């Protein structure tokens, strides 16, 4: 048990997920809460995809981006909540070595993809308001497909090296992950090698992606605001962005707080850090379809 393992076939190649530390008495409550959120997420995003698929009038770019967002939300929560429910309801805390890193890959790649889709939606609103006559010509199906491909490729370029760095660390200490899912920082801290390179890469990469996306989103809304203030019906034009702005706040505010609380929040309890990370993955995916 004291020997390092870094091979999927090792007999000790598994981790133990704690769930929410220091709240063992509330595991049933957490199970009911996250199960309810999962059902709402699946139903809500399923309805969005069904309506877009059945209604031929919903073929404009913004609805394609909404469909992308719904798919990403479903993949994100499905990668974590079923295992979380098995922890809270069935007391099945063990997760295999490969399953852990697959979960890690899905969680962090989908969060990057979702940020890219939110940026694409901001660009869509900019084109629709600032260049309405050229809207269909600029955002045609080929362009939308290229944007979607670029979003996915960017996420892979970020997450594949990170997953590789964490996967190749030797794990010879405790295999107990004080988390509800295989969050890469929580897993990397269990390594008997220095995990700081992967942690620094994660923070730098996440900050670059989020910072770049937020900067371009702010730029697009600045140009939208500049355009609509010249029109008499400015608030009517700007109101079309209201839902998107709500989703942006719901995604970025908890995400930024969660990332930096785990990396630099030495004064934040592990219990609070885990709850922040869990809510960051589940709350936006549940409320996005409603918004």
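Cβ coordinates come from backbone N, Cα and C, glycine included.
In TrEMBL, annotation is done automatically, which means it is predicted and not curated.
What TrEMBL records for 44-291 is domain 'G-protein coupled receptors family 1 profile'. Mean model confidence for the domain 'G-protein coupled receptors family 1 profile' (44-291) is a pLDDT of 87.
The feature transmembrane segment is assigned by TrEMBL to 30-52 (among others).
Sequence annotations record features per position, and here TrEMBL assigns transmembrane segment to 64-81 (among others). Counting residues 6+ beyond its ends, the transmembrane segment (64-81) has Cβ neighbours under 8 Å at 34-35, 37-38, 41-42, 45-46, 48-49, 52, 103, 106-107, 110-111, 113-114, 117-118, 120-121, 124, 144, 148, 151, 180-181, 247, 281-282, 284-285, 288-289 in the same chain.
TrEMBL lists 101-123 (among others) with the feature transmembrane segment. Tertiary proximity for the transmembrane segment (101-123) is limited to same-chain residues at least six positions away from its ends with a CB under 8 Å from its CB atoms, namely 62, 65-66, 68-69, 72-73, 75-76, 79-80, 83, 95, 147-148, 150-152, 154-156, 158-160, 162-163, 166-167, 181-184, 187, 209-210, 213, 216-217, 220-221, 244, 247-248, 251-252, 255, 281.
Per TrEMBL, transmembrane segment is recorded for 144-166 (among others). Beyond the ends of the transmembrane segment (144-166), by six or more residues, the same chain brings 61, 64-65, 68, 101, 104-105, 108-110, 112-113, 116-117, 120, 123, 184, 187-188, 195, 197-198, 201-202, 205, 209 to within a C-beta distance below 8 angstroms of the stretch.
Using a Cβ-Cβ cut-off under 8 Å and counting only residues 6 or more beyond its ends in the same chain, the transmembrane segment (200-222) has close neighbours at 112, 115-116, 118-119, 122-123, 125-126, 154, 158, 161-162, 165, 184-185, 241, 245, 248, 252, 255-256, 259, 263. For 200-222 (among others), the entry in TrEMBL reads transmembrane segment.
Residues annotated as transmembrane segment in TrEMBL: 234-253 (among others).
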